[in-house]
Amino acid sequence: MKAKPNLRHAVDLLYSRGSATSEAYTRLLLECVRANEVGEAKRLQHHMELHFFQPDSAFIQNRLLHLYSKSGKLLDARNLFDRMLNRDVFSWNAMLSAYAKTGSVEDLRATFGQMPFRDSVSYNTMIAGFAGNECSSEALEMFVRMQEEGFEPTEYTHVSALHACAQLLDLRRGKQIHGRIIVGNLCGNVFIWNALIDIYAKCGDIDRARWMFDRMANKNVVSWNSIISGYVKNGQPEKCVELFHEMELCGLKPDQVTISNVLGAYLQCGYVDEASKIFSEIKGKDKICWTTMIVGYSQNGREEDALMLFGAMLLANVRPDSFTISSVVSSCAKLASLYNGQAVHGKTVRMGVDDGLLVSSALVDMYCKCGVTSDAWMVFKTMPTLNVVSWNAMIGGYAQNGQHQEALALYEKMLQENLKPDNVTFIGVLSACVHANLIERGHEYFDSISKQHGYMDKAVDLIEGMPHEPNCLIWSTLLSVSAIKGDIKQAEMAARHLFELDPLSAGPYIMLSNIYATCGRWKDVASMRSLMKNKNVKKFAAYSWIEIDNKVHRFVSEDRTHPETEKIYEELNRLIRELHKVGFAPNTNLVLHDVGEKEKYESICYHSEKLALAYGLIRKPHGGTPLRIIKNIRVCGDCHVFMKFVSKIIGRPIILRDSNRYHHFIGGKCSCKDYW
């Protein structure tokens, strides 16, 4: 804010005329303090020092010290404080406030210890300073000490103490303080009510928080924010949306905190378009709003919108933080968009965003999900510190990309670093063992079996003996391996577990139907369809995409909507003819419909990943760079064999990511070793 012209002019006159009287200095200095004009106050102080004038009144110096303190001008406050000859408790309290505002907790402690005398303001400043700088335990210790020293806590003392309890999620002590407030008849303060709503909401007692909110006489925006954010944190976003509408009916204008919470609630409920509309109407969007919307897009399957919004955020000159960046990188990972992921990585480095573990772990995951484990490893090994999330991202990335030995070696190293693996680590390692046909290694790690081949029942023992509850990934792996080996009994058992864990997922039903179809068990195929219908399980349309020159091209099976459809089918049919010459024949047994061979042939030859591959070869016919294709469901056995043959005859790597893992097809072989 610019200084008031009359104050600036008055200080300018002093500099042009020389010294002034004591009364003139004092009057002008107090005017600067009253107007909160820090810049002009500093100029005036400098002029006074040039002419060897120092106010002899501690009151004047304290007012100036207080101005510096509340404005966060720590260095100016400290310099003035050090030169003061007559310090009183107000002077010391002003310095406490300056240290608290600037987060200088060590200096805050030291200054409090040096104080020759203290009052209730000293303790209130310390409690608020500790609570505001996440030293919550010390804040509560100071709250107790204040009373032991004979100082009575005020309403604002209790607000700070409740804030500390909320940070610690210490509901027991929060209730004790609530009791003191009732006994002391301090319930008339809106700040007290807001703090009580906040602690109950944050500690999970949302019903008590709502009870207090409903009985609050004079609600302000902070009151609404506390209960709205409480519902978001307690997993009840629909209540948050209801309250937002009530708030609007009350005529209260929401602030940025309200909007961020409401955006998050809408997005958690899946109301993406409604959230987008609210976001578009916000004026002066802050970083939190941008990040909330970006995360919401990503979590609701609209990753491309997340990337576009990130670009708009940068154009609006809003600086992203590590949480924003990690969310954008996560969107790139879901899309397997290496180009965009590399661009975001480069932008992060150029902007100097403090990446910490959050961004680095997201980058490791992104590079792995784009099939570039070498780049993931480069990020991983340059991380200054590593936590279990970082190790899991790299171990899981190696496992999913078929680099099972690397995954297991890294797991061994993790153990050597004395890091305790969690269930995610276990799943990554087990996935590596099963996919690599290394059940003997699995036995070493998990006290189970010797080898997978021919011992599927023992693989089940391994899974059921896991120290953590087996998740969908583990049972899906067993189902896939059972399908490859033609073990219908084990496939049915794995599918039953998946039906229980994720009853609305169509994948297990379709995979089991595939197994039945391969064996010609058409009645069982029909039974699966009927079961899906009765349980209202929706089959997601299979589609694949390929990124060419930073543009994503999507295809569905037998797709004819692409502008270059004719060229795509010409290229695909050419490939099929070439493959026939070297022994490839489409596996029509995998078609789930009991139809003629011609219909089966046409159905399986034009799957979406094959169309994406053909388009990639049209646009990028030369060079040794891999063709990267992503499919939203598991790749079928015929397409898997097809990709192996193509990689051999074109002499070029193909990376195909499906819903199960990453397939690196090189020279006629796949990194998954036909276990997926």
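In case you wondered, yes, glycine gets a Cβ from its N, Cα and C as well.
What TrEMBL records for this protein:
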- 583-676: domain 'DYW' (DOMAIN)
- 88-118: repeat 'PPR' (REPEAT)
- 119-153: repeat 'PPR' (REPEAT)
- 189-219: repeat 'PPR' (REPEAT)
- 220-254: repeat 'PPR' (REPEAT)
- 286-320: repeat 'PPR' (REPEAT)
- 387-421: repeat 'PPR' (REPEAT)
What is the pLDDT of the repeat 'PPR' (387-421) when averaged and given as a whole number? 89
Give me the DSSP three-state residue breakdown of the repeat 'PPR' (88-118), ordered helix, strand, coil. 23 helix, 0 strand, 8 coil
Remote residues contacting the repeat 'PPR' (88-118) - C-beta distance under 8 A, at least 6 residues beyond either end: 58, 61-62, 65-66, 68-70, 72-74, 77-78, 81, 125-126, 128-130, 132-133, 135, 149
How many helix, strand and coil residues does the repeat 'PPR' (286-320) contain under DSSP? 26 helix, 0 strand, 9 coil
Quick check on the repeat 'PPR' (387-421): DSSP residue counts for helix, strand, coil, in that order please. 26 helix, 0 strand, 9 coil
